[in-house]
Structure formats: C-alpha cells, structure tokens
Amino acid sequence: MNINKQSPIPIYYQIMEQLKTQIKNGELQPDMPLPSEREYAEQFGISRMTVRQALSNLVNEGLLYRLKGRGTFVSKPKMEQALQGLTSFTEDMKSRGMTPGSRLIDYQLIDSTEELAAILGCGHPSSIHKITRVRLANDIPMAIESSHIPFELAGELNESHFQSSIYDHIERYNSIPISRAKQELEPSAATTEEANILGIQKGAPVLLIKRTTYLQNGTAFEHAKSVYRGDRYTFVHYMDRLS
C-alpha cells in the first residue's frame, strides 16, 4: 500500500480504500490475517489510532473481522439474497451449494397473544408453535430465527422438523403450496445474547427481518423474526423503471 500524507484525503480513508481494493482483486483472501496495528503504523509512519480507525470501519462494514488475542482477518464474501423470490433458508443454502443446518435453541407450545392472533388470523387464544433456531450454512451460524406457526396448520412437530425445512412440512401437511410473504427489514446491532450465538461482536451490524408467510389460499401460516449477520449477508432488490 502507498499512503500520500500530502493528500487532502484522510489517511485512514486511504488505508480503507486500498484494503478494499486488495480484497476485491483477491490479493487478500478470506481468513487471511492482516498485519497488526503496530506494524501498519511503523510501515507508514502514522499513529496506531489512525490504523485502528481504518480497520474498525472495515470491520463494521463486514469486510474484516477480529478474533480476540489473535488479530484482524479478511471476511468471507457476503452472500446476496434477492428480495423478490420466496424460498426457505434450507432451499437458499442448497441452491448455493452449501450444506444447510439448524440448531434448536428453544421450542414451546404457547397460547397466542392478541397481536399474533391478528397477524396470523387465528383464534385467540389458540395453540402456537414457537420455534427458535440458529440457521447454519456449512456449520457456520448465519441467523437466529424465531417462528410462530399455528398448531392447526402444522400438527405435532418434533426434532426432525426442526433440523430441516419446516416449509416443506407445512406444504405436505396442508396439501396447499406456499405462495407469498410480506417482509420488513431494518438495521440493528447485535445484543450480547445474539452476538454469543452468532459468533460476532456485541454491537456488530445485523439485519432484523420480520416476515409473515402465506399459503396459496391466503392463509397466514407463519410469523417469523430473524436476525441475520451483517458481515455475511446483503439483501438485494432489483427494480424496473415504471413506464
């Protein structure tokens, strides 16, 4: 890297842009360790604080990650998720050539709240499956998913359902295909619990997704809240110009 101390462009920003270029062109590969802050500072004759600012910004953008006591490393490329199509997590990972998996955090059969009953269009009170899982890709935690599904639309559920695609089970159980979903996305920061589960730092960027999914007959069968790692996922929406 070359740093121009006479440039009006801040030094930390020059470091960021050059590291981005090295990551993009493959000079820096995923999981490759970077020199330490001290080494960068000595190499360019700048302060460690300036180096730390550049690296911290790239960590926040998901391009780098830190391991306590070991240093800073290059992140794996983010996976793009198109917002137009409706697929399950299992289907999505398989389409990428990855091995999907799930780890059950909690399961309860609960009584519906008024809010859930209104969203799902079920009676109140009625029995609701509440399933909280960590969704995995090649054994790497990608998201925390908490799903609420009316008992009458799923029947009894067991460990085998939690380890695979619940969407497949829902379609078989009801003999009706899944057709559409309403989805809301908003940025958030990982809580201590979320960070521990996902293997990221507390306060790291995450994507909070709320989704209500419907069968072809218009029946809402699931309301889910998911927390996706911001360093591994990016959501893309393609738009056509209206005539």
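Quick reminder: no glycine exception, Cβ is built from N, Cα and C everywhere.
Under the heading DNA-binding region, Swiss-Prot lists 37-56. Annotated alpha-D-glucosamine 6-phosphate binding site per Swiss-Prot: F89, T90, R133, V134, R135, E145, S165, I166, Y167, E222, Y228, in sequence order. What Swiss-Prot records for F89, T90, R133, V134, R135, E145, S165, I166, Y167, E222, Y228 is N-acetyl-D-glucosamine 6-phosphate binding site, and it gives experimental evidence as the kind of evidence. According to Swiss-Prot, the domain 'HTH gntR-type' annotation covers 9-77, on the basis of sequence analysis.
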Per DSSP (helix/strand/coil reduction), S165 (alpha-D-glucosamine 6-phosphate binding site) sits in coil
DSSP assigns the residues of the DNA-binding region (37-56) as 17 helix, 0 strand, 3 coil
Simplified to three states, DSSP reports F89 (alpha-D-glucosamine 6-phosphate binding site) as helix
Taking every pair from F89, T90, R133, V134, R135, E145, S165, I166, Y167, E222, Y228, which the record gives as binding N-acetyl-D-glucosamine 6-phosphate, the longest CA to CA distance in angstrom is 19
Smallest number of other CB atoms within 10 Å: among the binding-site residues F89, Y167, that is Y167
Residues near Y228 (alpha-D-glucosamine 6-phosphate binding site) by Cβ (under 8 Å) yet at least 6 apart in sequence within the same chain, in sequence order, are M142, A143, V206, L207, I209
Within 10 angstroms of the C-beta of R135 (alpha-D-glucosamine 6-phosphate binding site), the count of other C-beta atoms across all shown chains comes to 21
